[in-house]
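Annotated features in Swiss-Prot:
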- CYS78: active site, proton donor (ACT_SITE)
- CYS232: active site, proton acceptor (ACT_SITE)
- ASN17, GLN49, ASN69, GLY79, ASN80, ASN171, ASN205, GLU223, ARG224, GLY233, THR234: substrate binding site (BINDING)
Amino acid sequence: MSPLANRRFLKMHGAGNAIVVLDLRGTAVRVTPAEARAIAADVHSRFDQLMVVHDPVTPGTDAFMRIYNTDGSESGACGNGTRCVGYALLDDPAMARPAENGALTLETKAGLVAVKRITERSFTVDMGQPRLRWDEIPLTEPFLDTRRIELQVGPIDDPILHSPAAVSMGNPHAIFFVERDPDSYDLGRIGPLLEAHPIFPERANISIAEVTSRDTIKLRVWERGAGLTLACGTAACATVVAASRLRMIGRAARVALPGGELSIEWRADDHVLMTGPVYLEGEGTFSPDLFAGIDG
């Protein structure tokens, strides 16, 4: 039987991004890719990201998070999921531990992130510094200027999309800036083609963004390993960084996604702050049948 059988989970969302939070602190249990795919496929625990909370690794941190996509792959960052974990560790009766000033320091394989409560249902996450060098994003070609890279969709003389910005927020992003509604593009078709493009050795999140004013952006996202999503916090952060580098906006903006709005600020110290909502939908336990045929 899988060690995940009968374990409790929280079903949450942040700006429409479906999140499942699983607490494995105090155990040596690790989620396998096959188990993550099984959880994602079940109607009761379907997610965009699975946030698994482990005991802290680095002294001074509150927990270590592993982040799984629906295809079982791991991600280094998930802003919406991090806000949900912040809520769980501060408010959930079964998970909460004492925390100073409603603030936590969490660790992922991409580094440290700080999360702080702003209101009862709103949290700010310090997503750290964006990575802008081609080899840090990473890309397979040595672009000296990642504000625009050579990539396009459609005919050479009349491309549908072209010259995206490239940014890493702990995971790679390509952002196409357009002058009409992002909903008018078939991102469900374009996204998977570009996600796996050879220029992205670790695959990439693909976004289409329209800057609608000096402090507002409309965004659609094809998420690496998950597909079309109602919201993606790291994509919102990457988009604000990219738009600011191109002088389309200042250093802060409200980003409108299909699932809701996120407020992003790229501070002078190079850290990116993301503020947004958290909603608890309910809780459940994993049925042993969910993992039938899977070795734990």
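Yeah, the Cβs are placed from backbone N, Cα and C, and that goes for glycine too.
Here the features listed in Swiss-Prot are painted onto the structure.
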residue : record                       : CB count, 10 Å
ASN17   : substrate binding site       : 29
ASN69   : substrate binding site       : 24
CYS78   : active site, proton donor    : 34
ASN80   : substrate binding site       : 35
ASN205  : substrate binding site       : 28
ARG224  : substrate binding site       : 26
CYS232  : active site, proton acceptor : 34
THR234  : substrate binding site       : 33
**OP:** Determine which residues of this chain, when ASN17, GLN49, ASN69, GLY79, ASN80, ASN171, ASN205, GLU223, ARG224, GLY233, THR234 are set aside, have a Cβ within 8 Å of the centroid of the substrate site's Cβ atoms, and list them as they appear in the sequence.
**Re:** ASP48, SER75, ALA77, CYS78, GLY81, VAL221, ALA226, THR229, CYS232, ALA235
Original post:
At the level of the C-alpha atoms, what whole-angstrom distance separates CYS78 (active site, proton donor) and THR234 (substrate binding site)?
Top reply: 6
**OP:** Express in Å, rounded to the nearest integer, the largest CA to CA distance found among the substrate-binding residues ASN17, GLN49, ASN69, GLY79, ASN80, ASN171, ASN205, GLU223, ARG224, GLY233, THR234 named in the record.
**Re:** 17
Original post:
DSSP on ARG224 (substrate binding site), three-state: which is it?
Top reply: coil
Original post:
How many Å separate the Cα atoms of the residue listed as 'active site, proton acceptor' and ASN80 (substrate binding site)?
Top reply: 7
Original post:
Going by DSSP, is ASN69 (substrate binding site) part of a helix, a strand, or coil?
Top reply: strand
Subject >> DSSP three-state assignment (helix, strand or coil) for CYS232 (active site, proton acceptor) >> reply: coil
**OP:** State the three-class DSSP label for ASN17 (substrate binding site), counting H, G and I as helix, E and B as strand, and everything else as coil.
**Re:** strand
